[in-house]
Amino acid sequence: SFSLTLIDALDTLLILGNVSEFQRVVNVLQEGVDFDIDVNASVFETNIRVVGGLLSAHLLSRKAGVEVEAGWPCSGPLLRMAEEAARKLLPAFQTPTGMPYGTVNLLHGVNPGETPVTCTAGIGTFIVEFATLSHLTGDPVFEDVARKALKALWKNRSDIGLVGNHIDVITAKWVAQDAGIGAGVDSYFEYLVKGAILLQDKELMSMFLEYNKAIKNYTKFDDWYLWVQMYKGTVSMPVFQSLEAYWPGLQSLIGDVDNAMRTFLNYYTVWKQFGGLPEFYNIPQGYTVDKREGYPLRPELIESAMYLYRATRDPTLLELGRDAVESIEKISKVDCGFATIKDLRDHRLDNRMESFFLAETVKYLYLLFDPDNFIHNDGSDFDVVVTPYGECVLNAGGYIFNTEAHPIDPAALHCCRKRKEEQWEVEDLMREFYSQKKTKKFTLKRAPDHGEGENAKDPGDASSEKAGEKRNSKKSSHSLLSCPSQSFNSKLAVLGQVFLDNT
C-alpha cells in the first residue's frame, strides 16, 4: 500500500518542482518492489496507478536529474518494473471475448471462482499504458490485448450505439444496462480519445465520435448528461455523478469547447452549492442523493478546468480553482493531510485520504495556476537523446495524461523501434549503394502495403496492423526506408531497384 502511494504520487513531485524528493523516491523504488505476492489485485487500478505511475516516472527520470542507464528510454529499472506489473495482469485477458476479468491474483493468475462480470471502464482503460509499454519494450502483446478489449466493447454496443455499465467477459452479455458517461463507463470513453491522440489512430477516434453522437442523442438534456437504458434510450437515473465531471475536459480535447463550457458551468454550480461535488446529485431535485453525499477530494472538475483554461483562458475557470483551494483548505485539512469529506451537507470528515488526491487533484490544481510548467510546453523547448535506435526528441510537450493523471510523453513512443539488426544492415547496404550510384537518376517507388485493403473497414472490424504501421512510419531524417515491414525478398525494393535474397 505504501509503495502504491509512492508510485501514484511520484510524478506530482516533479511537476510541483520538488526534484530532490522525486530523486529520493525513485531511488527507494529502484531498490525493488515485489510483485510476486499472493494478493488479489484490481486489474484496472493496478494498471492506472502502478503501471501508469511507473511509466510516467521512467519517462520523467532524466528530466529530474536521475542518472539513467544506457539505452534509456528504451530500458531502465522503472520500465522493467512497469513491464513486470503489466505481465501480472495479462492472465486476466485470457477470455473468449478478450475482455479482462476485473481481478487477478498477482502470484497465481485468475482465481477459479472469479466473477466474470466486469465494468466497462475496467475493460476499456488499458490502451494508453499498454501501448506505451509495447512501444518502449518492443513486445506487442500489451497493445494487442488492450486493442482487442476495446474492439470487443465496440462490437457489443447496442443498436442505438450505447454501452452498458457491466458485462460478462465470458459470454459478452450485458449485466447492468445503464448507459451514461459516469462511474463504470467513464475512462473507456476517455481512453478512446487519449489513445487516438497518443497513437494518432483514426480508428479509435472514429469509435469515440460515433459514441459521442449516441450520447448526445439519448443522454444529454439541457447540458446535463443523464443515465438511460442502453437499448431503449429511456431515462433510468436523472443524476449527475462527480466522476462525470471529466467530460468537459474530454470535449475540449476533441475541440468541442462551447458544449464543454456549458456543461462545466452546470457542474460548477453544484460545487458552489456544497463546497465540493457530492458523489451523486439529483438534477430535478437539485440536491444530494441519500448515502451518496460524500466528496473524497476527487479531481475531475478541476481536471476539466485545467484543460478548458488551456483552451480558452476564461477567468471563470481560475475562479473554480480558487474556490477548490479555499474549500479543501477550510473543510478537509487536518494535521496529517487532507481528509475525505464524508458528508458535504455538514462537512463531516472520514478518517482517510485517497492517493488520487496527491496523484490528480493537487497536480491539476497546480497546473491550472502554473502556465510556465514544463507540462504545458508548446514544443519550443525539447531534449534530444541518443538511443540504440537513433536520435530521439523528448519533453517537447503534448503530454497525454492517463486517467490517474500520470503524464506520458508521446514522443517517447517513437524512440524504441525494435527492428533488431536486420533493418540497420539493410540501411547500411543502401547507403553503400547510394555512395556508388549517386550520379544516376531514379524514380521513387514505394512498395505496396498488402494489408491496406483489409484495413479499410468499419472501425469495429479494422485490423490493428494499421495502427502498427502508423507507429513505425515516423523516420529519422537519415532513414532511407519508409515502407512498412514486408517479406525480406522485397525489403530492398527502393528507388525502383529490386534486390532479391541471392543478389
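Start at 1 and count along the chain as shown; that gives each residue its number.
Quick reminder: no glycine exception, Cβ is built from N, Cα and C everywhere.
Residues or ranges marked as active site, proton donor by TrEMBL: E45, E279. Annotation source TrEMBL lists active site at D186, E300. As annotated by TrEMBL, Ca(2+) binding site applies to T403. Feature annotation from TrEMBL assigns region 'Disordered' to 444-484. If you look up TrEMBL, you'll see 446-471 marked as compositional bias 'Basic and acidic residues'.
The 10 Å shell around the Cβ of D186 (active site) contains 25 further Cβ atoms across the protein chains shown. Nearest Cα neighbour of E45 (active site, proton donor) among the listed recorded positions (D186, E279, E300, T403): T403. Distance from the CA of D186 (active site) to the CA of T403 (Ca(2+) binding site) is 10 Å.
D186 (active site) sits 14 Å from E279 (active site, proton donor), taking the C-alpha atoms as the reference points. In the structure shown, the C-beta of E279 has more C-beta neighbours within 10 angstroms than that of any other entry among the active-site residues E45, E279.
Distance noted between the C-alpha atoms of E300 (active site) and E279 (active site, proton donor) is 11 Å. E300 (active site): 25 other CB atoms within 10 A of its CB, across all protein chains.
Other Cβ atoms within 10 Å of the Cβ of the residue listed as 'Ca(2+) binding site', summed over all protein chains shown, number 25.
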